[in-house]
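Below: one structure, written as structure tokens.
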Amino acid sequence: MPVADCESGLSPADVTGAGAANGNPGHWRSYYRHVLLLAYQSCGVVYGDLSTSPLYVYKSTFIIGSLRRFQDEEIVFGVFSLVFWTLTLIPLLKYVFIVLAADDNGEGGTFALYSLLVRHAKFSLMPNQEAADEELTSYYRPGYAPQETPILTALRRFLENHRKSRTFLLVTVLFGASLVIGDGVLTPPMSVLSSFSGLQVHSTALTSGEVEILSCTVLVCLFMVQHWGTHRVAFLFAPVVIVWLLLLGALGVYNIVVWNPRVLRALSPYYLVRFFQHTGKDGWISLGGILLSMTGTEAMYADLGHFTAASIRVAFVGLIYPCLVLQYMGQAAFLSKSPHCDIHFVFFESIPTGIFWPVLVIATLAAIVGSQAVISATFSIVRQCTALGCFPRVKIVHTSRRIHGQIYSPEINWILMLLCIAVTMGLRDTTLIGNAYGMACAGVMLVTTLLMALVIVFVWQYSCLVAALFLVAFGVVEAVYLSAALMKVPQGGWLPLVLSLVFVAVMYVWHYGTRRKHQFDVQNKVSLRWIHALGPSLGIVRVPGIGIIYSELATGVPAIFSHFVTNLPAFHQVLVFICVKAVPVPHVRDEERHLVGRIGPREFRMYRCVVRHGYKDVLAEDTDFENDLVLRIAEFVQMEADFDQRCSISDDGVVASVEVEGRMAVVPRPSDLARTGLLMREPGEEESVVARAAAAAKPESLIHSMHTMHEAESPGFASRRRVRFEVANQHTDPRVKEELSALVEAKHAGVAYIMGHSYIKARKSSSVFKKFAVNVAYAFLRKNCRGPGLVLNIPHISLIEVGMIYYV
């Protein structure tokens with residue numbers, strides 16, 4: 001499978017490090033084999049879109065720029081020269097040699113660049129970043145040491161202190177993500193329609209309408225099978241694309257030799273200059289077609305996390321780049337000697353008659369593979385947006401148990417399918433779709449260039465001059481291409497702009513509402529002084545059981561707690577405040593994921609657990625969550641007692657109490673139960689009849705029977721692992737034993753989940769725009785997205801939702 005080995009295989013860094021350390025040639029051979037294997041696999045995942053560009057580049061270039069009247073050998077050579085230098089400058093020089101080096105712990109893409117900037121400077125708009133997050137292993141790149149210069153310090157302060165600049169940065173990132181989603185709408189129609197249009201070369205009776213219906217049928221089938229996952233056929237992706245690329249290269253060589261070997265001269269930029277001298281404004285407008293030769297380039301960086309930079313470089317330099325150059329050169333040789341050919345089908349007309357049908361079949365398969373790669377990338381970008389609080393919650397399904405990155409979102413899938421069919425039937429012509437496609441491609445690359453310039457300054461800590469040179473060298477070229485694409489806004493170029501504006505509006509409104517809700521929680525959180533004044537009973541009735549309260553606060557007590565106890569003065573004997581929090585790193589290691597601490601003195605039995613996840617982590621269903629939580633709290637209690645013993649902290653003073661309640665510790669899942677002081681038994685294990693009878697006589701047996709009835713109808717809840725905890729007799733500290741006993745008793749009594757069901761309203765004094773954004777747009781999105789209880793896999797029978805109105 002294309003991604004299986006890259007996520008579970010040998011780490012290139014480890015191999016190189018080992019090889020460098022002991023000089024063993026075997027390690028280097030393993031490393032090279034690993035790189036070549038990943039390079040082979042990347043052909044099917046990364047380069048499917050880029051490899052299908054020869055189907056429509058020359059057609060779009062000559063039609064968009066009205067170059068048919070200039071179609072002579074020198075102009076054709078000029079078009080090829082533009083394609084060659086475009087492929088050399090942007091995909092090869094910019095992406096392969098520069099951008100791929102800006103990985104975020106091996107991950108790439110627009111959000112990887114933004115994550116790097118947020119971690120190395122305070123550019124985030126979300127106020128929930130804590131100092132403890134900076135202690136994560138993956139937070140800073142190895143060997144990072146801040147180096148401040150007067151210019152860098154001034155630039156950093158300007159961006160950090162001006163909220164509008166940080167908002168502009170976020171909107172830029174969201175715009176780039178929206179354009180990637182737009183690619184997911186435009187790539188399937190463009191690729192499939194272009195491949196099927198070849199049928200009209202040898203079947204003149206086939207009408208354009210029939211080609212469109214055939215293309216829509218294939219697109220519907222493609223989206224219908226998404227829920228099955230691509231892992232069953234993914235092993236065919238790389239062979240299909242490699243055969244297609246080798247075929248492109250061979251056809252290119254054939255056309256060069258047969259039609260016009262003089263096309264080799266067009267590698268010189270001389271023909272590029274002559275092209276603009278002859279064509280003028282028409283030549284500039286035709287850049288919108290040249291732009292299509294780069295479609296799919298961003299995938300090299302976006303899919304970096306599935307492979308390695310070395311493997312992607314090897315695949316591009318060793319196979320993709322030479323095959324594409326040969327194909328474009330061969331088409332130019334054919335065009336230069338065939339001035340009367342139908343430019344709409346130039347690729348298929350350049351194919352020798354004897355192999356036309358095999359090439360058409362492989363072209364169709366390559367188009368489907370390229371479309372699948374973009375669809376999967378769209379699912380991935382939506383997941384990342386959701387993790388960072390920039391997209392409404394949608395359902396994420398894992399289609400493979402072995403490959404973590406294979407995901408599927410039903411809502412996004414059907415939206416993409418409807419949009420793809422609408423584009424195919426609405427625009428109909430690949431030239432119009434190409435105008436839209438080029439706009440999206442140029443926009444994504446320009447966003448990457450802008451973010452990359454900031455990374456060069458703030459992350460790599462090079463001088464601003466180096467960043468300026470990078471920005472000028474690539475940004476100016478991409479801006480020229482974008483300006484040419486903008487000329488075709490009335491002829492299809494409006495589509496990616498409309499799609500991007502819609503998606504950016506959805507993302508920003510959701511992020512704005514989420515941010516204002518968090519600010520309200522921070523401003524209205526319960527004072528610890530109020531908690532202390534209530535005493536150990538908190539002024540309410542403490543009932544048996546564990547109450548798990550979900551909150552977005554990583555510190556303090558949320559207002560939902562005081563709202564609940566004010567209206568219903570009873571709560572569980574053990575309270576655990578849980579904050580599921582996204583941090584700006586791609587992945588958080590399991591042993592660093594949970595921060596555990598306590599709120600108030602020991603006798604209050606109030607704890608806090610912060611669950612941290614990266615923007616590429618998925619919150620999968622954890623059937624052992626409750627048991628893991630108990631074990632982690634027990635581990636924290638033991639760690640705290642050990643620390644107290646070492647530091648000789650007294651427990652009878654106010655100072656000790658304050659110090660205790662301020663502690664937070666990273667607590668991994670205990671591998672040794674003896675460290676927790678608890679014994680864990682499976683149901684029925686060493687359980688006496690007397691114990692079972694005593695348990696049945698307890699009031700919570702009724703609750704247990706209700707749970708059992710619900711489990712028969714809820715397989716997901718029934719899959720939760722049931723165990724019984726016992727306190728070991730090894731404790732010498734009576735406080736620890738008492739606290740663990742209370743924890744175990746509460747766990748056996750049952751667990752309830754409390755979550756806020758908030759209604760966000762704009763204040764009456766707010767502007768009309770803010771009222772519309774909060775009261776209408778955000779409320780609509782929140783009502784129609786998945787609830788947080790479903791996302792967090794909370795059992796419905798144990799969930800209590802507390803309604804609150806937030807005036808922001």
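Cβ coordinates are placed from backbone N, Cα and C, and glycine is handled just like the others.
For reference, Swiss-Prot has these:
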| type | residues | note |
| --- | --- | --- |
| TOPO_DOM | 1-34 | topological domain 'Cytoplasmic' |
| TOPO_DOM | 56-81 | topological domain 'Extracellular' |
| TOPO_DOM | 103-167 | topological domain 'Cytoplasmic' |
| TOPO_DOM | 189-204 | topological domain 'Extracellular' |
| TOPO_DOM | 226-232 | topological domain 'Cytoplasmic' |
| TOPO_DOM | 254-283 | topological domain 'Extracellular' |
| TOPO_DOM | 305-313 | topological domain 'Cytoplasmic' |
| TOPO_DOM | 335-354 | topological domain 'Extracellular' |
| TOPO_DOM | 376-406 | topological domain 'Cytoplasmic' |
| TOPO_DOM | 428-439 | topological domain 'Extracellular' |
| TOPO_DOM | 461-464 | topological domain 'Cytoplasmic' |
| TOPO_DOM | 486-491 | topological domain 'Extracellular' |
| TOPO_DOM | 513-808 | topological domain 'Cytoplasmic' |
| TRANSMEM | 35-55 | transmembrane segment |
| TRANSMEM | 82-102 | transmembrane segment |
| TRANSMEM | 168-188 | transmembrane segment |
| TRANSMEM | 205-225 | transmembrane segment |
| TRANSMEM | 233-253 | transmembrane segment |
| TRANSMEM | 284-304 | transmembrane segment |
| TRANSMEM | 314-334 | transmembrane segment |
| TRANSMEM | 355-375 | transmembrane segment |
| TRANSMEM | 407-427 | transmembrane segment |
| TRANSMEM | 440-460 | transmembrane segment |
| TRANSMEM | 465-485 | transmembrane segment |
| TRANSMEM | 492-512 | transmembrane segment |
Comparing 35-55, 82-102, 284-304, 314-334, 465-485 for Cβ pairs under 8 Å with the transmembrane segment (168-188), the winner is 284-304
Across the topological domain 'Cytoplasmic' (461-464), what are the DSSP residue counts per state (helix, strand, coil)? 1 helix, 0 strand, 3 coil
Residues outside the topological domain 'Cytoplasmic' (461-464) whose C-beta sits under 8 Å from one of its C-beta atoms, at least 6 past its ends, are 146-147, 149, 151-152, 155
Listed stretch, out of 35-55, 205-225, 284-304, 407-427, 465-485, that has the most CB pairs under 8 angstroms to the transmembrane segment (355-375): 35-55
By a Cβ-Cβ criterion of under 8 Å, what residues six or more beyond either terminus of the transmembrane segment (440-460) are in contact with it? 90, 94, 98-99, 102, 110, 113-114, 116-117, 120-121, 141, 152, 155-156, 169, 172-173, 175-176, 179-180, 182-183, 186, 291-292, 294-295, 297-298, 301, 466-468, 470-471, 474-475, 478-479, 481-482, 485, 496, 500
Who are the long-range neighbours of the transmembrane segment (35-55) in its own chain, taking Cβ under 8 Å and residues 6 or more past its ends? 2-3, 5-6, 9, 12, 91, 183, 187, 191, 194-195, 234, 236-242, 244-245, 248, 292-297, 299-300, 303, 306-308, 310-312, 314-316, 318-320, 323-324, 327-328, 331, 347, 363, 366-367, 369-374
Please list the DSSP helix, strand and coil residue counts for the topological domain 'Extracellular' (335-354). 11 helix, 0 strand, 9 coil
Which stretch, 205-225, 284-304, 407-427, tops the Cβ pairs under 8 Å count with the transmembrane segment (465-485)? 284-304
